[in-house]
Structures are given as C-alpha cells and as structure tokens.
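**Student:** Just lifted these from Swiss-Prot, have a look:
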{"type": "BINDING", "residues": "VAL20, GLY62, VAL63, GLY64, LYS65, THR66, GLU67, ASP279, GLU345, ARG417", "note": "ATP binding site"}
Amino acid sequence: MENKPLTPRQIVDRLDQYIVGQQDAKKAVAVALRNRYRRSLLDEKLRDEIVPKNILMMGPTGVGKTEIARRIAKLTGAPFIKIEATKFTEVGYVGRDVESMVRDLVETSVRLIKEEKISEVKEQAEENANKRIVRLLVPGKKKQAGVKNPFEMLFGGNQAANDDEADQQEEASLEEKRKRMAHQLALGELEDHYVSVEVEEQQPSMFDMLQGSGMEQMGMNMQDALSNLVPKKKKRRKMTVREARKVLTNEEAGKLIDMDEVGQEAVLRAEEGGIIFIDEIDKIAKNGGASSSADVSREGVQRDILPIVEGSTVVTKYGSVKTDHVLFIAAGAFHMAKPSDLIPELQGRFPIRVELSKLTVDDFVKILVEPDNALLKQYQALLQTEGISLEFSDEAIRKIAEVAYHVNQDTDNIGARRLHTILERLLEDLSFEAPDVTMEKVAITPQYVEEKLGTIANNKDLSQFIL
C-alpha cells in the first residue's frame with residue numbers, strides 16, 4: 001500500500017483523468033479504499049472484526065465498470081485480477097474451480113513484489129552483470145586438469161615453480177586487459193560487440209494440456225516439484241552486449257532476491273490489499289426462476305463463490321491465503337436478469353450497490369477529448385508518425401458523439417466501445433492512404449463526418465452490420 005494514502009476526493013480526481021462521469025461508482029470505490037487505510041490504523045482486535053464492504057456495479061457494457069476497478073488497482077499498487085464468472089463451473093463439472101481466482105491473485109501479488117525487489121537491487125545486479133560481460137569478453141585460460149606422472153612430480157620441482165610464476169604473470173596480464181575492457185564497457189563502446197551467453201532453455205511444459213480443465217494447479221505444483229529435482233537445461237546463445245546485459249541483469253537480480261520472503265509478502269499483500277473484480281456476474285444468475293440443463297451449474301457456481309467472498313482459507317503454493325479482507329467488486333449489465341435473481345446469500349455479501357448510467361451525447365464528447373490519452377489524441381499520435389497532423393473541429397467531435405449515441409440507441413448499446421468502431425470507420429481511408437500522400441495537415445469537419453458515416457448511421461440495417 002502507498003505510504004501516503006489518497007483521500008476519497010483525490011482518488012475520484014485521479015479517476016476523472018481517465019473515466020468520464022459515473023461519480024457514484026467512483027465515490028463508492030474511493031470510500032472502500034479509504035476504509036482499508038482507516039482499518040490499518042485500528043488495534044488488532046477491532047481490525048479483525050472490520051471486513052470490506054463489497055461492491056456490486058450495475059450498468060450496460062462500455063460505461064466504465066471494469067476501467068474503474070483497473071485504474072484503482074494501478075493507483076494503489078494493490079494486487080488486482082479481473083475474472084469472468086462464466087469461466088467457472090460447479091465442483092464436479094469440468095472447468096475452473098472458483099478457488100483459482102485467489103491463486104491468480106497471489107500470483108499477481110508475487111509478480112508485483114518481485115518487480116519492486118528487482119528495482120531495489122537493480123544497481124547491484126547491473127554491476128554484477130557487467131563483471132560477467134567483461135569475463136565473457138576476456139575469458140581466462142582454462143586450467144590443465146589431470147594427474148601428473150610420479151617421476152615428473154619427483155624430479156620436476158623447478159618446472160612446477162616456473163609454471164606457477166608464469167601463471168601469476170598471465171593472471172596479472174589478464175586482469176589488466178579486463179580493467180581496460182571494463183573501462184570501454186562503462187563508456188558504452190562495446191554495446192554492439194557479440195558475446196556467447198549461457199541461458200536456461202525454455203521448454204514447453206508437459207502440463208499445458210491441463211489448462212482449463214480445473215487441474216492446472218495440480219499441474220503447476222507437479223511442475224515445480226520436478227523442476228527442483230531435474231536440473232534445467234542450458235544452451236549458449238550469441239547476442240550483443242546490450243542484450244546480454246538485460247539477460248544477465250535479470251539472472252543476477254534473481255540471485256539477490258529471497259523468493260521465500262517474496263512469497264510471504266505476496267500472501268500478506270493479497271490478504272490485506274487484494275482486489276478481485278468479478279465480471280459478468282449477471283450471467284450466472286437464474287433468469288426468471290426457469291431452470292434448464294444448459295444452466296444447471298449456475299446456482300452451483302454462486303454457492304461456490306459464496307465462501308470465497310464471505311471469507312475462507314485457500315491453499316496456494318506460497319501458503320494459505322485468507323480472503324476475509326480481500327475487496328470483491330462484482331459487475332454485470334443485468335439486462336436479462338436482476339440482482340435479485342442472485343441467491344440471497346450472495347446478494348447479502350455485496351452490500352454496496354451502484355448503478356452506472358448510460359452514456360449521453362455530452363459524455364461521448366468528453367470521452368473523445370478529456371481523459372489523458374483520449375481516443376482522438378491516440379489517433380492523432382498514430383497519424384503523426386506518417387507526418388500528418390490531424391485536427392478535429394468542435395462541431396465534428398459533436399457530430400461523431402451524436403452518431404455514436406444514435407447507433408447505440410438504434411442497435412445494441414455497447415457504450416464507449418462504439419466510439420472505437422465509429423472512429424475506425426471514419427479514418428479508414430485516411431489511415432490506408434497516409435504513407436503515400438504528402439499532406440501535412442488534415443482537418444476533420446462535420447461535412448467529412450457526414451460523408452463517411454451519414455448513410456450508414458441513418459440506415460438501421462446497415463449500422464447493425466458495419467457500426
């Protein structure tokens with residue numbers, strides 16, 4: 001967690017840089033995060049009693065449900081995973097079991113902490129890597145192995161002394177060469193020289209066939225056990241000094257990091273700061289109470305998710321993980337089902353409910369221009385690489401937003417994702433011709449938008465297939 005936790009207002013302000021509108025959802029998530037910090041300041045007895053208030057987000061696709069959770073995780077540096085409820089099956093059926101979401105969370109936590117530890121030891125690792133590169137550039141003489149014959153040992157005393165003296169001189173000469181080479185390396189004069197580096201051979205896992213069968217965890221555990229018994233194969237690869245430095249720095253960093261400590265920290269961070277985003281939760285709700293063989297395991301999946309959400313212990317290869325204080329954010333469009341179609345026990349585990357509103361024309365205008373790295377900025381940057389400066393008039397931006405809104409209303413509402421389709425269609429010809437034309441500046445006007453999109457947008461049948 002951050003040393004200086006953000007206040008709820010600061011969190012909302014940060015989210016506003018990337019996501020337009022949806023203030024209720026932003027506030028709910030901001031308060032949930034701040035409560036984690038407040039809880040950490042309490043004494044241990046009371047701290048154990050306070051559990052996070054899980055959030056259920058309801059709203060059509062493409063309005064920012066997933067993005068809010070993803071941005072929150074980046075802001076806090078918390079382990080975050082997004083999973084889809086439809087991927088899981090009830091115990092007894094072929095497929096992933098719900099406990100795998102906790103194992104995935106711990107793996108994410110391990111990766112985060114490993115990256116932090118690597119950044120801490122990066123200087124030392126680079127220094128060690130440079131020393132190895134110098135030894136590769138100026139290899140030492142291989143010592144003669146083998147037993148001398150007895151007569152040589154008895155009568156060749158002077159020869160042995162001479163050999164030792166020659167070895168010392170050679171060693172001194174070698175050290176001098178390596179010092180010169182290290183100096184050249186520090187100046188960056190040897191970056192394109194080639195060296196032969198011994199690296200671990202990446203072999204396909206024999207347990208890949210278990211993926212998606214619900215037995216992948218067993219496969220991973222067996223693979224770990226076997227990797228400790230069987231030494232890893234190594235092969236020599238020829239690469240530039242620049243590439244070798246990256247490979248060897250990673251190797252050296254791995255030697256400096258205590259993976260047992262990383263595992264312990266990862267479990268603790270996953271328990272205290274983990275966020276699990278369960279998408280498409282409406283798809284496992286029973287629709288209208290009618291049951292069929294096709295959705296026989298929907299309620300079973302809900303019942304399997306229930307103990308994870310309310311707090312249980314899951315065994316992972318890094319240790320046991322308690323889910324009591326993991327924050328769960330569930331989301332769904334709920335256009336075919338209602339939150340009340342979920343089993344009552346699961347409904348009770350998501351006390352905070354937030355409805356995200358549909359996007360208006362004004363929202364589409366803001367999405368196009370306001371966020372950091374907004375869509376229009378992305379397209380402008382892409383075409384700038386071809387030497388074309390792309391400019392959108394305010395009226396053209398408004399027109400694009402109106403087209404996106406009306407197509408959403410007339411066909412399926414896919415929210416802000418509709419803008420990707422609209423802009424690709426609008427700029428298709430320009431993107432295709434860009435490398436071959438000599439235009440420096442292109443202005444996108446309402447007339448241009450109407451010319452490219454008007455016919456398709458106004459024809460409901462066409463827009464269903466093209467936009």
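Heads up, the Cβ atoms here are built off N, Cα and C, so glycines get one too.
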**Student:** Starting from the Cβ of LYS65 (ATP binding site), draw a 10 Å sphere and report how many other Cβ atoms land inside it.
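**Tutor:** A 10 Å sphere around the Cβ of LYS65 (ATP binding site) contains 26 other Cβ atoms.
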**Student:** GLU67, GLU345: which of these binding-site residues has the highest Cβ count within 10 Å of its own Cβ?
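**Tutor:** Buried the deepest by this measure is GLU67.
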**Student:** Mind checking which of VAL20, VAL63 has the fewest other CB atoms within 10 A of its CB? They're the binding-site residues.
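**Tutor:** Counting other Cβ atoms within 10 Å of each of the binding-site residues VAL20, VAL63 gives the minimum at VAL20.
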**Student:** Max Cα-Cα distance in Å among VAL20, GLY62, VAL63, GLY64, LYS65, THR66, GLU67, ASP279, GLU345, ARG417, the residues listed as binding ATP?
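**Tutor:** In whole numbers, the farthest two Cα atoms are 34 Å apart.
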